[in-house]
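**Q** Swiss-Prot lists these features:
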BINDING   Ser24, Lys198, Thr199, Lys200, Pro201, Ser202, Gln203, Lys234  UTP binding site
BINDING   Ser24, Asp158, Ile159, Glu160, Lys198, Thr199, Lys200, Pro201, Ser202, Gln203, Lys234  CTP binding site
BINDING   Ser25, Leu26, Gly27, Lys28, Gly29, Ile30, Asp82, Lys250, Asp251, Val252  ATP binding site
BINDING   Tyr65, Gly363, Leu391, Gly392, Met393, Gln394, Glu414, Arg471  L-glutamine binding site
DOMAIN    303-545  domain 'Glutamine amidotransferase type-1'
REGION    1-278  region 'Amidoligase domain'
REGION    542-563  region 'Disordered'
Amino acid sequence: MAKATAKNSAKQPKYIFITGGVVSSLGKGITSASLALLLKSRGYKVFMQKLDPYLNVDPGTMSPYQHGEVFVTDDGYETDLDLGHYERFAGVQCSKASSYTSGRIYSSVLSKERAGHYLGGTVQVIPHITNEIKDAFRSAAESGADIILCEIGGVAGDIESLPFLEAARQFRFEVGVENTCFIHLTLVPYLKAAGELKTKPSQHSVAELRNIGIFPDILVCRTEMHIPQEHLDKLALFCNVKPECVIEEKDVKDSVYAVPRELSKQELDLRVLEQLHLSVHPIVHSEWDSLVKKATQPKYECTIALVGKYIAIRDAYKSVHEALQHAGMANNAKVNVECIEAEELEKNPKLIKKADGILIPGGFGSRGVNGKCAAIRYARENKVPLLGICLGMQCCVIEFARDVLGWKDANSTEFDENTTHPVIDLMDEQKNVTEKGGTMRLGAYPCKLAKDSNAAKLYKSEKISERHRHRYEFNYNSEFRKELEKAGLKIAGTSPDGKLVEMVELKNHPYFEACQFHPEFKSRPTDPHPLFTGLVKAALEQKKANGKKPTAPSEKTKKTKTK
C-alpha cells in the first residue's frame with residue numbers, strides 16, 4: 001500500500017467528484033466550472049468530465065426542448081451544454097474524453113461482449129459497467145492535468161446514477177483518499193410560510209450517498225439567502241462534514257460570472273487543496289474581476305432580437321446567450337436579448353422593429369423558416385445589424401435569392417426537394433448517410449476568409465478555425481453562386497479548397513454577417529468572439545444613429561431585471 005501511495009504521489013492526478021442532491025438543475029456545471037477556474041488561477045492544470053446517466057450515446061439526437069443546447073467540441077463530439085460552461089469559465093479545451101453517458105458506457109461494454117472480450121463471463125453492472133466507467137475516469141489522465149473534475153449528472157438517490165456513483169466509490173478506494181475529493185452540491189430551501197431555511201432535505205441527500213459508501217468531504221449549499229452559522233454547523237454535524245467544509249453558495253443577482261469570486265470568498269478552493277494534499281499557490285489574478293464589473297456596471301445598453309425556433313427554453317441557445325453577454329462586456333454594454341418565436345414573426349412583423357440588432361441562430365426543419373427570412377429581409381432593407389448562424393446563414397442565402405434575384409421558389413432541399421433553385425443542398429458526403437447520431441459535419445474545420453471582406457477585418461486574420469454541426473451547405477452550383485455574387489451577396493469565407501461556402505456578407509450594409517459554423521461555441525468572457533462583438537458594436541451604433549442614446553439601464557430597469 002505504501003508503494004502504491006508513493007507511485008500515486010508521483011504520477012497520479014487528483015480527482016474531484018461533484019454530485020448533486022435534492023433537486024436537479026442546481027447548477028453543478030457552473031459550480032464545477034467556477035472551481036476549475038479557481039484551481040487554474042492557483043497554477044494547477046485542470047481537465048473536466050461530465051457523466052450523464054441517460055441511455056442516449058450522446059445528446060446529438062435529443063430535442064432542444066428536453067435537453068437544451070448540444071455543445072460541440074473541437075474534436076467533433078456532441079455533448080452536454082455544461083461543457084460550454086467548462087470552456088467558458090476555466091478556459092479548458094474539452095474533448096470526447098470530457099463527455100460520457102450511460103448509453104456510451106453500455107454500448108462499449110456490449111460491443112466488447114459481442115467481440116468475446118469477456119471470454120464467456122456473465123456481463124453485469126458490477127464489475128463490467130463500473131470498470132468501464134473507471135476507465136473513463138482514467139482516460140482523462142491522458143490530458144496531463146494535475147486535477148480532474150468529474151461532474152456526475154442526476155440526483156443522489158436516482159437509480160440511473162447508481163453505476164457512476166458506485167464506480168466513483170470504488171475509484172477512491174483504488175487510487176487513495178488523498179487523491180480524491182467528493183463535493184456534494186445540495187439545496188437549502190427557504191419556506192416562506194414558515195419563514196425559515198430547511199436543512200433536512202440536504203441531510204437526507206447526504207444519507208443517500210452514505211448508504212452506498214460515499215462520504216462527502218465538502219458540502220456546497222445552494223440557497224436564495226444567507227444561511228446562518230447555526231444552520232451550517234447543524235449540517236456539518238448531521239452530515240459528518242468538517243464545519244469549515246460546509247460552503248454557502250448564494251444566488252448571484254447580476255451575472256453568473258460572479259460565482260467564482262463568491263466561492264473564492266467562501267474558500268472552496270482552499271478546502272479542496274487541503275483535502276487533496278496539494279500546495280496552496282498564490283492566486284494569479286486575471287482580468288476576471290474587471291469582467292464581472294463590466295457585466296454588472298455597463299455604460300451602454302442595446303437590444304438584440306433573437307429570432308429562433310426553440311425560444312420556449314433558454315438553454316436551447318445557451319452559448320448564443322452567453323456569447324452576446326461576452327460581446328456586451330467587450331463593448332461595455334448591457335445586451336438585452338429579446339427572444340422572438342420565428343413563427344410568430346410570420347404573423348406579426350412588428351415584433352422585430354424595436355431591435356437594435358438581429359441574430360438568427362441555428363436549427364433544423366422547415367418550421368419557422370419563413371419567419372427567419374422575414375427578419376432577414378427586414379434587416380437587409382432597413383440596414384439593421386444582423387448575424388446569421390448555421391440555419392441562419394442558409395436562410396440569408398434563401399431570402400437573398402428570393403427577394404433580390406426573384407427566384408421565388410429558392411429553398412433548401414431539406415425543406416423542398418423539388419425546388420428549381422436549391423441554393424442550399426445536402427453535402428455530397430452526407431448523401432449516403434442513413435444513421436442520425438454522430439454523422440453530421442462535426443467539430444473544428446479551417447476556413448479561408450476573403451482578404452477584402454469585413455469578416456477578415458473582424459477576425460484580424462484570413463485563416464480561422466470554427467466548429468460545425470450541419471448536413472446542408474451553400475450549393476456549390478457555379479451558376480447559382482455566380483448569380484448571387486453578381487447581385488451583391490459576397491462570399492466572405494470558404495473551406496481551404498474553395499468548395500464549401502462558410503461565410504457570406506453584404507458590403508453596402510452596416511453589419512450583415514452570416515456563417516455556416518457556430519461561433520458561439522468558441523466565445524469566452526476573456527476572449528469574446530469577433531462576430532458577436534461586431535454585432536453588438538454595430539447595434540450600439542445603430543441605436544445612436546436612430547437618435548436613441550445607448551446609455552446604461554436605469555436603476556428602475558435594473559431592479560426589474562433582478563427580480
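We count from 1, first residue shown onward.
Quick reminder: no glycine exception, Cβ is built from N, Cα and C everywhere.
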**Q** According to DSSP, folded down to helix, strand and coil, what is Thr199 (UTP binding site)?
**A** coil
**Q** Return the member of Ser24, Asp82, Ile159, Lys198, Ser202 nearest to Met393 (L-glutamine binding site) in space, with distance defined Cα to Cα and candidates limited to these binding-site residues.
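**A** Sorting the binding-site residues by distance from Met393 (L-glutamine binding site), the top entry is Asp82.
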**Q** On a C-alpha basis, identify the one among Thr199, Lys200, Ser202 that is nearest to Asp82 (ATP binding site); the candidates are the binding-site residues.
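**A** If we rank Thr199, Lys200, Ser202 by Cα distance to Asp82 (ATP binding site), first place goes to Ser202.
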**Q** With an 8 Å cut-off on Cβ-Cβ distance and a minimum sequence separation of at least 6, pull the same-chain contacts of Lys198 (UTP binding site), or say none.
**A** Val188, Pro189, Tyr190, Leu191
**Q** Can you check what DSSP calls Gly363 (L-glutamine binding site), collapsed to helix, strand or coil?
**A** coil
**Q** To the nearest Å, how far is the Cα of Ser202 (UTP binding site) from the Cα of Ser25 (ATP binding site)?
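**A** Here the two Cα atoms lie 15 Å apart.
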**Q** Check each residue in the chain of Lys234 (UTP binding site) that is at least six apart in sequence and keep those whose C-beta is under 8 Å from its C-beta; list them in sequence order.
**A** Thr199
**Q** Restricting to the same chain and to sequence separations of six or more, state which residues have a Cβ under 8 Å from that of Asp251 (ATP binding site).
**A** Arg222, Thr223, Glu224
**Q** Cβ neighbours within 10 Å, counted over all protein chains: which one of the binding-site residues Ser24, Ser25, Ser202, Gln203, Gln394 has the most?
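**A** Going through Ser24, Ser25, Ser202, Gln203, Gln394 one by one, the largest Cβ count within 10 Å is at Gln394.
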**Q** Report, as a single number, how many Cβ atoms besides its own are within 10 Å of the Cβ of Gly392 (L-glutamine binding site).
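**A** The answer is 24 other Cβ atoms.
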**Q** Which of these binding-site residues has the least crowded Cβ, counting other Cβ atoms within 10 Å: Ile159, Leu391, Met393?
**A** Ile159
**Q** Measuring Cα to Cα, how many Å separate Gln394 (L-glutamine binding site) from Gly29 (ATP binding site)?
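**A** Distance (Cα to Cα, whole Å): 32 Å.
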**Q** Going along the chain, which residues six or more apart from Gly27 (ATP binding site) have their CB under 8 A from its CB?
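**A** Once residues fewer than 6 apart are set aside, Gly27 (ATP binding site) is near Leu185, Arg222, Glu249.
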**Q** Of all the binding-site residues given, namely Lys200, Pro201, Gly392, which is spatially nearest to Ile159 (CTP binding site) at the Cα level?
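**A** Nearest listed residue in space: Pro201.
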